[in-house]
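Take a look at the structure set out below.
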């Protein structure tokens with residue numbers, strides 16, 4: 001009985017955790033959701049961005065004490081400008097979405113919000129990790145062997 005309870009707790013903890021995509025799985029998913037070439041940004045750049053922002057983890061969060069905002073999900077979308085977490089002072093919520101929706105294993109909402117972010121004048125440069133790790137680099141390795 002004790003072993004059954006422990007097993008149940010382990011399974012419960014597994015179901016609560018976010019999904020960590022495999023590189024090619026993410027590339028195929030992003031392509032299916034229309035990110036390949038969206039606003040001139042290649043699929044390889046999107047996969048590179050997700051690698052360095054979240055490690056392909058849908059459940060990633062990062063609190064920013066300076067402005068009391070939090071970054072959410074696979075693309076680390078910020079609560080100051082793009083989503084509503086009910087905590088960030090002066091939040092804009094330009095994606096008209098709950099920040100928790102960006103933590104789902106189904107990344108359709110995160111992709112829709114990323115499309116909104118990249119549509120702003122800053123484009124993909126809105127993501128610091130992209131500028132640091134992907135910009136002006138050969139990012140083809142991020143989709144290599146994925147058949148996309």
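The first residue you see is number 1, and the count goes up from there.
Backbone N, Cα and C atoms are what each Cβ position is placed from, and that goes for glycine too.
The signal peptide feature in Swiss-Prot is assigned to 1-18.
Positions annotated as domain 'C-type lysozyme' by Swiss-Prot: 19-148.
Per Swiss-Prot, disulfide bond is recorded for 24-146 (among others). Its Cβ taken as reference, residue 24 (disulfide bond) is surrounded by 16 other Cβ atoms within 10 Å in the chains shown. In this structure, residue 24 (disulfide bond) is part of a helix by DSSP.
Secondary structure from DSSP puts residue 134 (disulfide bond) in coil. The disulfide bond feature in Swiss-Prot is assigned to 48-134 (among others).
DSSP assigns residue 53 (active site) to a helical segment in the three-state reduction. With a 10 A radius on its CB, residue 53 (active site) counts 22 other CB atoms from all the protein chains. Residues annotated as active site in Swiss-Prot, with sequence analysis given as evidence: 53 (among others).
Swiss-Prot lists 71 (among others) with the feature active site, giving sequence analysis as the kind of evidence. The number of other Cβ atoms within 10 Å of the Cβ belonging to residue 71 (active site), over all protein chains shown, comes to 24.
DSSP classifies residue 99 (disulfide bond) as helix under the three-state reduction. Residues annotated as disulfide bond in Swiss-Prot, with sequence analysis given as evidence: 83-99 (among others).
The disulfide bond annotation in Swiss-Prot covers 95-113 (among others). Listed in sequence order, the residues of the same chain lying 6 or more apart from residue 95 (disulfide bond) and placing their CB within less than 8 Å of its CB are 77, 82, 83, 112, 113, 116, 117.
The disulfide-bonded residues in question are 48, 83, 134, 146, and the one with the fewest Cβ neighbours inside 10 Å is 146. The local packing around residue 99 (disulfide bond), expressed as other Cβ atoms within 10 Å of its Cβ over all shown chains, amounts to 26.
Closest to residue 146 (disulfide bond) in space, going by CA atoms and restricting to the recorded positions 53, 71, 99, is 53. Taken together, the residues in the domain 'C-type lysozyme' (19-148) have a mean pLDDT of 98 on the 0 to 100 scale.
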